[in-house]
Amino acid sequence: MRVLVSGGGTGGHIYPALALIREIKKLNPEARFLYIGTENGLESTIVPKTGIPFQSIVISGFKRKISLDNVKTVMRFLKGVQDSKRYIRRFNPDIVIGTGGYVCGPVVYAAAKLGIPTIVHEQNSVPGVTNKFLSRYVDKVAVCFEAAAEHFPQSKVVMTGNPRASEVMDQNGMKGKRSVGLSLPKKSVLIFGGSRGARPINDAFVEAIEQFGNKSYEILYVTGEVHYDKVMEAVKQKGNPNNVIIKPFIHNMPEVLTGVDLVVSRAGATTLAELTALGKPSVLIPSPYVTNNHQEKNARSVVDKGAAKMLLEKDLTAETLIRDIDEILLDAQTLQNMKLAAGQLGIPDAANKLYEVMNKLVKK
């Protein structure tokens with residue numbers, strides 16, 4: 001099987017693509033890949049490091065207001081389609097999959113027009129502009145949230161989940177807890193604000209640290225590397241309780257996620273895929289700084305099923321943070337109910353499901 005993959009702009013589009021590629025390599029060692037991204041996007045540094053052949057095109061997104069830039073974007077799109085067709089003809093893929101971001105537009109559109117089987121993968125509950133546009137032309141639209149399905153032609157929608165979920169399975173949670181200094185018998189909560197951290201969550205944590213010191217559970221707090229020194233400076237003035245462990249970054253996140261009892265985090269699509277695959281209850285603090293407020297809508301999909309609580313950033317204080325953690329961790333029945341609800345939402349074999357959809361299209 002020859003697979004052309006395109007996705008870029010943010011890690012939320014790139015890492016699911018790479019997780020899918022790794023799964024296909026396991027199931028089909030003979031498979032060959034080409035990844036098309038943008039020259040300056042995050043994918044241009046991440047993908048080549050994995051050894052996957054990479055090509056780039058020039059593309060940008062539409063501005064929401066009428067502007068001359070949109071004329072340039074149309075011109076870039078048309079040029080991107082021509083460049084994509086050239087790469088496609090040269091690589092001769094059996095199937096093309098787009099995982100989101102502007103770069104998918106010309107690549108997947110070009111493939112569809114050339115009669116090659118095509119799929120787009122939508123990670124969020126609210127689809128991006130590119131995937132909505134492409135849904136008219138592709139063979140299948142793979143989704144991770146039921147709420148996303150209503151935005152696409154129903155005959156094309158398949159629920160596969162996020163391939164990243166498959167990569168957190170079969171991890172050693174006890175090893176994960178030991179690696180960060182958590183004790184095995186005690187309940188624990190992991191609090192983090194994404195790979196770069198989140199200042200409002202850091203501020204609430206610092207305010208809460210003295211009260212956390214009186215709790216029977218342990219707290220693992222991940223600041224994000226850019227915030228670590230500032231947080232530790234503030235913590236020194238208040239004191240660091242024995243049951244609170246602070247780290248700038250965690251390199252073995254799947255192991256640690258497996259080991260803890262509760263997670264407090266943003267509501268990015270990849271994070272939710274991992275948490276539900278593991279059956280982890282969560283307190284979700286959606287980032288209000290994302291397109292279409294999609295994190296709040298992602299969170300709502302999990303909260304409505306009883307697998308999480310949602311704490312909006314505008315309501316985030318030391319008191320509300322501790323309240324929500326206590327209500328879950330200190331009540332065994334609530335904790336168990338939320339674990340079951342999260343597990344029912346999870347799709348741990350998402351990468352395999354997506355590969356099956358691809359296989360069916362190729363064999364048609």
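Don't overthink the numbers, they just go from 1 along the chain as shown.
Glycine is treated like the rest: Cβ placed from N, Cα and C.
Going by Swiss-Prot, these are the annotated features:
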| type | residues | note |
| --- | --- | --- |
| BINDING | T10, G11, G12, N124, S195, I250, Q295 | UDP-N-acetyl-alpha-D-glucosamine binding site |
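What Swiss-Prot annotates, mapped onto the structure for a quick look.
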| residue | record | Cβ contacts under 8 Å, 6 or more apart |
| --- | --- | --- |
| T10 | UDP-N-acetyl-alpha-D-glucosamine binding site | L42, G101 |
| G12 | UDP-N-acetyl-alpha-D-glucosamine binding site | G100, Q123, N124, G268, A269, T270 |
| I250 | UDP-N-acetyl-alpha-D-glucosamine binding site | V180, F192, V222, V256 |
| Q295 | UDP-N-acetyl-alpha-D-glucosamine binding site | R266, A267, G268, P286, S287, P288 |
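Least packed by the Cβ count within 10 Å, out of the binding-site residues G11, N124, is G11. A coil conformation is recorded for N124 (UDP-N-acetyl-alpha-D-glucosamine binding site) in the three-state DSSP classification, outside any helix or strand.
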